[in-house]
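Trainee: Copied straight from TrEMBL:
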{"type": "TRANSMEM", "residues": "77-95", "note": "transmembrane segment"}
{"type": "TRANSMEM", "residues": "107-126", "note": "transmembrane segment"}
{"type": "TRANSMEM", "residues": "133-152", "note": "transmembrane segment"}
{"type": "TRANSMEM", "residues": "172-188", "note": "transmembrane segment"}
{"type": "TRANSMEM", "residues": "215-237", "note": "transmembrane segment"}
{"type": "TRANSMEM", "residues": "243-264", "note": "transmembrane segment"}
{"type": "TRANSMEM", "residues": "361-386", "note": "transmembrane segment"}
{"type": "TRANSMEM", "residues": "406-423", "note": "transmembrane segment"}
{"type": "TRANSMEM", "residues": "443-464", "note": "transmembrane segment"}
{"type": "TRANSMEM", "residues": "484-507", "note": "transmembrane segment"}
{"type": "TRANSMEM", "residues": "519-539", "note": "transmembrane segment"}
{"type": "TRANSMEM", "residues": "565-584", "note": "transmembrane segment"}
Amino acid sequence: PTHKQSSLLSLSLSQSLTQKIMEQNKTNTGLQDSYDDQQKWVLDSSVDSKGDVPLRARTGAWKAALFIIAIEFSERLSYFGIATNLVIYLTTILHQDLKMAVRNANYWSGVTTLMPLLGGFVADAYLGRCATVLLATIIYLVGLLLLTLSWFIPGLKPCHDEMCVEPRKAHVIAFFIAIYLISIATGGHKPSLESFGADQFEEGHPEERKMKMSYFNWWSTGLCAGVLTAVTLIVYIEDRIGWGVAGAVLTVVMATSLLIFLIGKPFYRYRKPSGSPLTPILQVFVAAIAKRHLPCPNDSSLLHELSREEYTKGRLLPSTKNLKILDKAAVIEDQGSENGTAEKESPWRLSTVTKVEEAKLLINMIPIWFFSLAFGICATQSSTLFVKQAHVMDRHIGHSFEVPPASMFALVAFSMIIFLTVYEKLLVPLLRRATGNERGISILQRIGTGMVFSLIAMIIAALVERKRLDYTKQHHMTMSAFWLAPQFVAIGIADALTLVGLQEYFYDQVPDSMRSLGIAFYLSVIGAASFANNLLMMVSDRLAEEISGKNWFGKDLNSSRLDRFYWMLAALTAANLCCFVIVAKRYTYKSVQPSLAVADVGDDVEAVSVTNTSKYT
C-alpha cells in the first residue's frame, strides 16, 4: 500500500506539473499574442482616418508628424512676417508714435497668444484637433487675403500719394481687422496643431515614447526655420518691394501648406473629442465641498476608482498625498454597499481618484504658469523694443546693402536652431548618462536654465542701450546694429530652453483629455506677459516722470531711457527666478498607474510593469 500510495502521489504530481506547464505555455502564448498586437496596432484609444484602430506601420510617428511640422512652418512664416515688423509698420505706415506702436503691438500679441485658450477648449471638447486646424487655416487665409488686398484695392491703400502724413481710415480699419482675424486663427491653429502632432506618438510604446521626447525639439526647429525665413526673406520683401507683395507670398504659402496637410490625412492618428474637459474638474470641487465634513481615509484603496476595463478614456492616475482635501470628492459615503452606491452616485457627488488627481494637476500648474510670466515679458522685447533699437542703428553690411531692422530677429531663430540641434544630439545623451533621466534633465530644470539666459539677455540689453545713447551724444552718429547680436543670441538660447520646455511641460502634465488646452496654457504665458509688459511700461514711465521729471519712453529712442527699463526687467527676472526654483523643488510630477506590457527577452516572454513616473520628468 505504501508503494501504491507513492505511485499515486507521483502520478498526481506529474499530472499537476504537466497541467501547470500547459497553463504557463498558454499564458506565454497569450502574452506573446498581446505583445504582437501591441506592436502591430496602436492601442491608445486613437483611430485612423476611417475610424478604425490604427495600424502602427501605416499611421502616426514621424511619417505623420512631418506633414504637421510643414504647416507649422508656414504658419510661423506668416505670423512672424507680420509680428517682427509690426512696430515698424505702425510707426512708418500708420504714423503712430513709439509708445502707441509698442502698446498696439503688445495688445495684438497678447490677444493672439490668449485666444488659444478658447481654441484649445473647442478642439478638445467639440471639434477635434484636426477639424480645428482646418477651420483655423481657412480663417488665417481670409486674414492674409484682406491684408494683401488692402495694398492693391485703390480705396483701401494707405495713402493717395507716395508721401502722406496720415493714412486712410479705410486702410487702418482693414489692417486691424486682418491682423485680428489672424489672431483668431492662431487661437485655433497653435494649440490644436502642436498637440495633434504629439498625438502621433503612442505614450505606452517604448520606441514612440522616445520619439515624442524628440518631437518638441524638432517641432521647434521647424518653427524656427519658418521664423528665420520670415525675418529674412519676407521682411526684405516688405521693406524693399512692398507689403502687398509680401502678403501675396504669405497667402500662397499658407494655401500650399493647407494642401500638404490634407494630403497627409490618411497617415494621421485622430482622437475623438470627449466633451468639455472642464466639467469633470468642476465636479471634483463640487463633490469635495459637499463632503468637506467627512473624514478622509489614509488608505487610498478605500477611495472610489474605476477598473482598467471600465476606464476607456485616458490613463488611470494613482492617488498622491498633496491637496488631500480634494480626495474627499472620491470618498464613498456608504462603505457597506460600495458597488451599489458608487454605480448610482451622481458624478457631482462622487468622483474617481483619477479625476481628483487631474484637478490636482491643474492646481499644481498655477505657480509654474505665474512664475513663467517674467520670462515671457523678457521674450516679448525681442520682437518689439529690440527691433526698434535696430531701426535707429547702422545696419549696413559693406557700402550698399542694409539689413532690414526686423531681420535682426533672425539671430534669435539661428541661435535656437543651432542650440536645439546641439542640445538634442550632444547634450541630452551626455546628460542621460550623468543623471539617468530620459530627458537628460527634468522639464522644470530646463525651464529654469532658460530663465537664467533671459536674465543675461536683459543685462546685456541694458549695457548696450546705455552705450548706444552715449555714443550717439558723443559722435552725433549711429552705432552699429551688430552690437545687439549678443542680446538676440542670449534670448534665442533662453527660448530654446524655456519655451520648448514650457511646451513639453504643459502638454505632458495636463490631463489626457486637455492636451490642446495644455498647449494653450503655454501660449497664454506669452499672451499674459504681453499685457503685463504694457502695464510695466505704463507704470514705470509714470513713476519715472514723477520722480525725475523725465519719461523712460519718449517720442523716439534717443529721448527714451530703455536701459533703465531693461535693468528693471533684469531685477524682476532675478527675483522671479528665486521664486521659481523654490516652487520647482516642491513640484510633484504627473505619474500614471502601472500597466501590464510585454517585453521580449530572447526565447522567453516576460510580463513587465510599465509606468510613467516622475523620475523621467
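Using the three backbone atoms N, Cα and C, a Cβ is placed for every residue, glycine included.
Curation plays no part in TrEMBL annotations; they are all automatic predictions.
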Trainee: Are there residues at least six beyond either end of the transmembrane segment (107-126) with Cβ under 8 Å to its Cβ atoms? List them, or say none.
Mentor: 79, 83, 86, 132, 136, 179-180, 182-184, 186-192, 195, 273-278, 380, 383, 513-521, 523-528, 530-531, 534
Trainee: Among 133-152, 406-423, 484-507, which stretch has the highest count of C-beta pairs below 8 Å with the transmembrane segment (215-237)?
Mentor: 406-423
Trainee: What else in the chain is close to the transmembrane segment (484-507), if you only count residues 6 or more beyond its ends and a Cβ gap under 8 Å?
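Mentor: Beyond its ends, the transmembrane segment (484-507) has Cβ neighbours at 194-195, 198, 216-217, 219-220, 365, 368, 372, 375, 378-379, 381-382, 386, 389-390, 393, 408-409, 411-416, 419-420, 423, 443-444, 446-447, 449-454, 456-457, 460-461, 464, 515, 518-519, 521-522, 525.
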Trainee: Cβ pairs under 8 Å with the transmembrane segment (443-464): which stretch of 77-95, 406-423, 565-584 has the most?
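Mentor: Answer is 565-584, with the largest number of Cβ pairs below 8 Å.
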